[in-house]
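Here the structure is laid out as structure tokens; the discussion comes afterwards.
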Amino acid sequence: MDRAVSQVALENDEREAKNTWRLVFRIAILLLTVVTLAISAAALAYSMEASTPSDLVGIPTAISRTEEKITSALGSNQDVVDRIYKQVALESPLALLNTESTIMNAITSLSYQINGAANSSGCGAPIHDPDYIGGIGKELIVDDASDVTSFYPSAFQEHLNFIPAPTTGSGCTRIPSFDMSATHYCYTHNVILSGCRDRSHSHQYLALGVLRTSATGRVFFSTLRSINLDDTQNRKSCSVSATPLGCDMLCSKVTETEEEDYNSAIPTSMVHGRLGFDGQYHEKDLDVTTLFEDWVANYPGVGGGSFIDNRVWFPVYGGLKPNSPSDTAQEGKYVIYKRYNDTCPDEQDYQIRMAKSSYKPGRFGGKRVQQAILSIKVSTSLGEDPVLTVPPNTVTLMGAEGRVLTVGTSHFFYQRGSSYFSPALLYPMTVSNKTATLHSPYTFNAFTRPGSVPCQASARCPNSCVTGVYTDPYPLVFYRNHTLRGVFGTMLDDEQARLNPVSAVFDSISRSRITRVSSSSTKAAYTTSTCFKVVKTNKTYCLSIAEISNTLFGEFRIVPLLVEILKDDGVREARSGRLSQLQEGWKDDIVSPIFCDAKNQTEYRRELESYAASWP
């Protein structure tokens, strides 16, 4: 019995012990849960205090800023990569190509000279300073985006005058011609001793030189060889070209007035001459009876020629024999070029009739005045293998003075505005098999020339005229695909008289800010322009050789006007008719008059207008 009671008591003690430990475990679990909840609540409270809603809103902004910094850093690296690529893949090969081209030109020139030395001619090898390598005869400004007229000429810069001037009051220097190759330049003008109207006898000055850079970095033209052709030959209307053998020149030998020449039955005598690197001049008469058998008068175009495919190409114009094969081939052909935004109001049939008549002006007895291009093989023999190209009058206007230019790989032909169309014309030119082909021209509406009514500067309708003045444009601004965008030149900014020379950069419609030679009453005549770059400084310069009135020593003085081409934010001057009104926001660069001022400006201007308009 006691044993049974003890057994029951033992079981009760064990059950109470189990219940006690179970209670302890439950209390421990409960306490642990409470502690965990407390810690979680504290952590949550701390977290809420650290990241407020405003902080969460700012997170995207912070991410964006970081993204911008990363993008900027990557973009900077990309710019560096692009510049490296441009330098390695584009600029370096181009620089090497330009250097190679200059070296090859120099070697070609030297090889000709060595051959000449073998023939006992003896000569030196001229070449421009290294600063100009790759900066002559190239596309100087290649820009697809900038406004062409944001480029403009500086004030005229003082430099060494390489052109001789008259030394007496009756002296006259006129009709400049200039051409520059990668190795040297050539220049010529006519010298008349007894006034510019004397057509009986004249000299021809011819010079060969190179571009130099002074110790202070200034550009100057250095004449190395020159000659004054003072003999019994009356050379006129000469065109010059820089070739590997020196300075090639084409001239007419004139013994009568232009009107008398057109009324004659035989072509005008012409001569192909050359000033060699040794300073010796030689020339040869061309067989004009064969070469110009369909012509009654023929003259070089005054403007420079160009060396292309081992031939020298000269501009030529003159009168055709009526009913000759060349004349018949042009019968009924004409072209009408129109002014920008200024349409001729005449009936179309009347315009066509007047356009056709413009090729046969009454001044020359109704002869057809024709444009042409003459190419001659450049060799030690003068006048070798001459070939005459006569372009169709469905492309060219009435024949006139002109110039052949090469810039980069492109060739151009400038035609003086002697007919009704006042804006400057620049025809793209291609050559093949010794002949040239002219294509539809670039026109520069603001680059006009003065002319007699009805072919004055603002003229817009076809008419029969022989007027204007030689003022050639030089191709300056190009697209990257080599298409021409703009030109530099010095124009005479007057409606009718040869007055007011100004330099500017021109696009097809308008012109840049201008640089004046002097006052608006300054008399001037022919201008010819050429641009180049000093590669070392990356500065572009343009030279305008201009005939300027000079009442003290001679009636005209030929002045080489040098400007640097600058760039602004694209200010331009619009033109309708005349461009003599200044636009607000800019002013002309006015240079102090370089020649004498007249006391009686009113009477002086009247005389100037009458006198200037009388020049051919």
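Glycine too: its Cβ is placed from the backbone N, Cα and C atoms.
Record features, source Swiss-Prot:
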- 27-47: transmembrane segment (TRANSMEM)
- Asn119: N-linked glycosylation site (CARBOHYD)
- 124-152: region 'Important for interaction with fusion/F protein' (REGION)
- Cys172-Cys196: disulfide bond (DISULFID)
- Cys186-Cys247: disulfide bond (DISULFID)
- Cys238-Cys251: disulfide bond (DISULFID)
- Asn341: N-linked glycosylation site (CARBOHYD)
- Cys344-Cys461: disulfide bond (DISULFID)
- Asn433: N-linked glycosylation site (CARBOHYD)
- Cys455-Cys465: disulfide bond (DISULFID)
- Asn481: N-linked glycosylation site (CARBOHYD)
- Cys531-Cys542: disulfide bond (DISULFID)
- Asn538: N-linked glycosylation site (CARBOHYD)
- Asn600: N-linked glycosylation site (CARBOHYD)
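Classification of Cys251 (disulfide bond) by DSSP places it within a strand. As a whole-number mean, the pLDDT of the region 'Important for interaction with fusion/F protein' (124-152) in this prediction is 92. Counting only the Cα atoms, the space from Cys247 (disulfide bond) to Cys344 (disulfide bond) is about 44 angstrom. Distance between Cα atoms for Cys461 (disulfide bond) and Asn341 (N-linked glycosylation site): 13 Å, as a whole number. Ranked by Cα separation from Cys251 (disulfide bond), the recorded positions Cys196, Asn433, Asn538 are led by Cys196. For Cys344 (disulfide bond) paired with Cys455 (disulfide bond), the C-alpha to C-alpha distance reads 13 Å. Here the Cβ of Cys238 (disulfide bond) has 26 other Cβ atoms within 10 Å, regardless of which shown protein chain they belong to. Taking only the Cα positions, the spacing between Cys455 (disulfide bond) and Asn538 (N-linked glycosylation site) is 41 angstrom. In three-state terms derived from DSSP, Cys172 (disulfide bond) belongs to an extended strand segment. Ranked by how many other Cβ atoms sit within 10 Å of their Cβ, the disulfide-bonded residues Cys172, Cys186, Cys196, Cys461, Cys531 place Cys461 at the bottom.
Put simply, Cys238 is the one of the recorded positions Cys186, Cys238, Cys465, Asn538 whose Cα lies nearest to the Cα of Cys172 (disulfide bond). Residue counts for the region 'Important for interaction with fusion/F protein' (124-152) under DSSP (helix as H, G, I; strand as E, B; rest coil) come to 6 helix, 5 strand, 18 coil. Around the Cβ of Asn433 (N-linked glycosylation site), 6 further Cβ atoms fall within 10 Å across all displayed protein chains.
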